[in-house]
Each structure stands twice: as C-alpha cells, then as structure tokens.
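Student: Not my notes, these are from TrEMBL:
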type	residues	note
DOMAIN	190-396	domain 'Glycosyltransferase 2-like'
TRANSMEM	43-69	transmembrane segment
TRANSMEM	357-388	transmembrane segment
TRANSMEM	400-426	transmembrane segment
TRANSMEM	488-508	transmembrane segment
TRANSMEM	514-534	transmembrane segment
Amino acid sequence: MAQISPKLLIPESFQVSRDDITGQLGLIWELIKTPLIVPLLQLGVYICLAMSLMLFMERVYMGIVIILVKLFWKKPEKRYNFELIQDDVELGSSNFPVVLIQIPMFNEKEVYKISIGAACGLSWPSDRLVIQVLDDSTDHAIKLMVEQECQRWASKGINITYQIRENRTGYKAGALKEGLKRSYVKHCEYVAIFDADFRPEPDFLRRSIPFLVNNPDIALVQARWRFVNADECLLTRMQEMSLDYHFTVEQEVGSATHAFFGFNGTAGIWRIAAINEAGGWKDRTTVEDMDLAVRASLRGWKFVYLGDLQVKSELPSTFKAFRFQQHRWSCGPANLFRKMVWEIIQNKKVKFWKKVYVIYSFFFVRKIIAHMVTFCFYCVVLPLTILIPEVWVPIWGAVYIPSVITILNSVGTPRSIHLLFYWILFENVMSLHRTKATFIGLLEAGRANEWVVTEKLGDAVKKAADAAKNKNNAKAPRKLKFKFTDRLNTLELGFAAFLFLCGCYDFVHGKNNYFVYLFLQTITFFITGIGYVGTII
C-alpha cells in the first residue's frame, strides 16, 4: 500500500515549513476567529452591557429614592411610634425592658477591652441589662485575659457573664444561638449584638429600644457604622467609600420603602420573639445575619434603620484580612440566594413588590451582578476586544454608563471625592475576588462555608508607631521579619501581565486610547499582587 503523504490530510493553506510554528498558529487563529471567537466575544459584550444597564438603572433608582427620602420622607421617629423611656422615681427601673447584650469573640486580643468596656458603659438600668461575652477563642492566654476583664467589670456591679463553648460549631451563628439558650436569658425581651471592635455610645439603647417597645411589628433596629481608623491608610479609605454608600443609600432606601434591609451582623437590636419565630440563628451560610433578616422579613416583620445612630468600629487595615472578609461577604449572599430564592417566590405573607425588591434588587443586582459585570467587562471582555477589533463596544457602555454609576456610588463619602479614580481601579481589582467568591457561593463549591475571622489591630499600630518615635527608648524596637513571597498574590500578578499586554497592543494598534486605563489598571493589579496595600504587619 502506497504511503499517504501527510500533506494530503491538511489544507494547502497549512502546508508551511515545520519550523514555522508561529505561522501555523496564526493560520489556525485566522481560521477560527471569524466564525467562533468574534461571535462569542460579541455575545460577551452584549451580556456585559445588559448587566451594566441593570446596575445603572438600580443606581439611578436608588439615587432618586434617596433624594425623595431626604427631602420629603419623615424621619423614623415620625414614621413610627417613638417615645423615650423616662426614668420614674416611683416605678424605679421596672418600666425599662430587660435587654441582653451579646459580644461574640474569637482571639480578639487587641480589641476585647474596647467592646466590653463600651457595653458596660451603656446608660441603662444595671438590673435591666444582661451582658454576655461569647468567647470562642482558641488561644488559652487570650481566653484568660477576656475572662479577667469580665470579672473586673462584674466586681463593679455589672451583670456580665463570660460564656465559652467546647467547639466552634456554627461559628458566630452557633455562638449566638447557644447564648440565647441560657436560662438567665429567658426574661430578656431584646438582644443587642456588637462585634468585638464595636463601641456603642452610652445612649445607644435609649435611642433605639423605644422603636421596639412602641411598635410590636418591628423586629430589628440597625445603627450605622462609623469607622475610627478610616484615615489609617489608603486601603481603609477605599473601604470607607464603599461602605458609606451601603449605609447612606442602600439601607436608608430599604428601610424607608420596604422596611427591609440586610442585618449587618452587629450594631443592631433584635426582638428575641422575632428571632425565634424566624427559626433562630442558622449556620448554613457565612452570612447568618442576612439569613435571619430575610427569614424574619418573609414572616412579615419590619426593620428600621437609624442613620443618625452611629457606632464606632474598625476597618480591616491589612490586605490579607480584607480579602478574607470580602470572600465571606461575596460568597455568603450568593450561597444564601441559591438556598432561599424559591422560598421567597413561594412566600404568601409579603407583598409581590417586596419579593421583587428582595430577589432582584437586594440579591441579584447588588450581590451578584455588581461583582460580575465589574470584573467580566472591565478586566476581561473590554481588554480582549482590543486584541480583536472586529468586536464592537459602544462608547456609552464603555465610558458613559460606568461614569454615572461611579459618581452615584461616591455620594456617600464626599470627603474622598479626590480618590474616586483610584477607588475605581481598586474596586476592579477586588471584583476579581468577589466574582470568584460569588461563583463559589452559587455553585456551593469547596470554599463556600469558609469562615476566617477578620483580623483587628485595635491600637496596636498606633502603639508601635509611638514606640518607634519615642526617643527616650534606650533600644529601638526590633522589626519583625517576613518573607517577601508571603505577600505575593499570583492571581493579581497574572491579570497585571494580561492587562499590560493588552495595553501595549492598544498603544500600537488601537484607536480608542484604552491603553491609558489599561496601564493604570495594570499598576493597581501589580501593587496588590506584590502585597503593598494596606498596613504591613
């Protein structure tokens, strides 16, 4: 049988020198680009534009409503029955309801004194206040320090209890659930929850409890967070800009229109009866606070957000801690959406428009679309269209709509308006991790239930800086040694390389000057990739 020439098995256009690998790859690319790559990428552009429009309309809607709320809506004190609880000489403290304060902790060495001291300093009758420190610490030395702090306050006549568990089953949700089972809690009507770095003002209960006392249909009163370390570094300033929009717009609008918003897990007061009716704390996701809020809302309970009632707290100032926090905050809601969407649809106790708000606005757009469109469009699809100029991207989708969305997002923190451009670049970097976490939550993949407690530094950084500046010290403080490789983030470095190549190509062959954005975004990815973000510990 005659030997068949290999040239007969491939088209003549591929019959090039065996050494010309680049030429062969180029021919293959030209063969599949027009019928396959271009249509797929154009489809990706259309999907991203659709998501951008959804996010745009959501932001415009929220902007219009918040303006109406500020101009025409009555304040919560006028919308609901509100009357301060007065001290009565004859009745004593009996007209004050019994309130439980829960402070969940896990190896909170730097901040445990702050939260315990703030809780013990609340201006509420001591015989009507029960403080419960729920310590899941694994460090024996820290457990001992927390217990001694509780004993110190107990010796001053404060009703404070130090509570530990044998294991961390359910993490924070498990600790809160276990705390409510204690016999001394049965006579408590309300429970206020504060994370270990939160420090409420003395009048916190007097300004919030009346909403629950005088309105039996209200289950939750949520206060606003105020950040004590917002000016510590650029990372904390970026976080402040993102969170201020959440508090200034999202929660305000949800409270004013549908009396629903997601519980933030801390700085809030619950009616214990509402917690029990909703099924109690559950640990099926890493957002046990949001889970409880949705379940309580589906049973007809209302929530009130008090933007004027502010509680001081701490932002994570290390990039590692911030990444873990964002994974939990992005993965948890997506996973909860997967678990509860059908339950919300079938619910018959709430109005149709409230269900639409919860499913579409609260979950789908804010918790899923917002992350995906930022990463997919500006970090993947748009750079690829530079390499494939046959794909069309309208200027309104690439520039105008994102600009409006960004401006609307910045209204919460006007003092940081000069950082707006860098905030955009940094949010694009973080959208990489948020999108990854969102898919993990939706698919309930391996890290769906990963819980890493956000590291708090308290005054540790300030004390270290003061010690370094103290000229009276005979010996300068020894610097901690660390490996440079421990700070490397390969995922960010990989995208930095990809965007840099796209930017170079656009600089040489492009017509839209996208390379300006791409090079700036490359620098941001590279800086985060080598770990030079936030406080270096």
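The backbone N, Cα and C atoms fix where each Cβ goes, glycine too.
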Student: Against which stretches of its own chain does the transmembrane segment (43-69) lie, if we need a Cβ under 8 Å and a gap of at least six residues from its ends?
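Tutor: Same-chain contacts beyond the ends: 248-250, 252-253, 256-257, 361, 365-366, 369-370, 372-373, 376-377, 380-381, 384-385, 391-394, 397, 401-402, 404-405, 408-409, 411.
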Student: So which of 357-388, 488-508, 514-534 has the most C-beta pairs under 8 Å when paired with the transmembrane segment (400-426)?
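Tutor: Checked against 357-388, 488-508, 514-534; highest Cβ contact count belongs to 514-534.
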Student: Excluding the flanking five residues on each side, which residues at least 6 beyond the ends of the transmembrane segment (514-534) place their CB within less than 8 Å of a CB in that stretch?
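Tutor: 233-236, 316-319, 322, 378-379, 382-383, 386, 422, 425-426, 428-429, 486-493, 495-496, 499-500, 502-504, 506-507.
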Student: Could you pull out which residues elsewhere in the chain have a CB under 8 Å from any CB of the transmembrane segment (488-508), counting only those six or more residues past its ends?
Tutor: 379, 383-384, 386-387, 429, 432, 514-515, 518-519, 521-523, 525-526, 528-531
Student: Give the mean pLDDT for the domain 'Glycosyltransferase 2-like' (190-396) on the 0 to 100 scale.
Tutor: 94
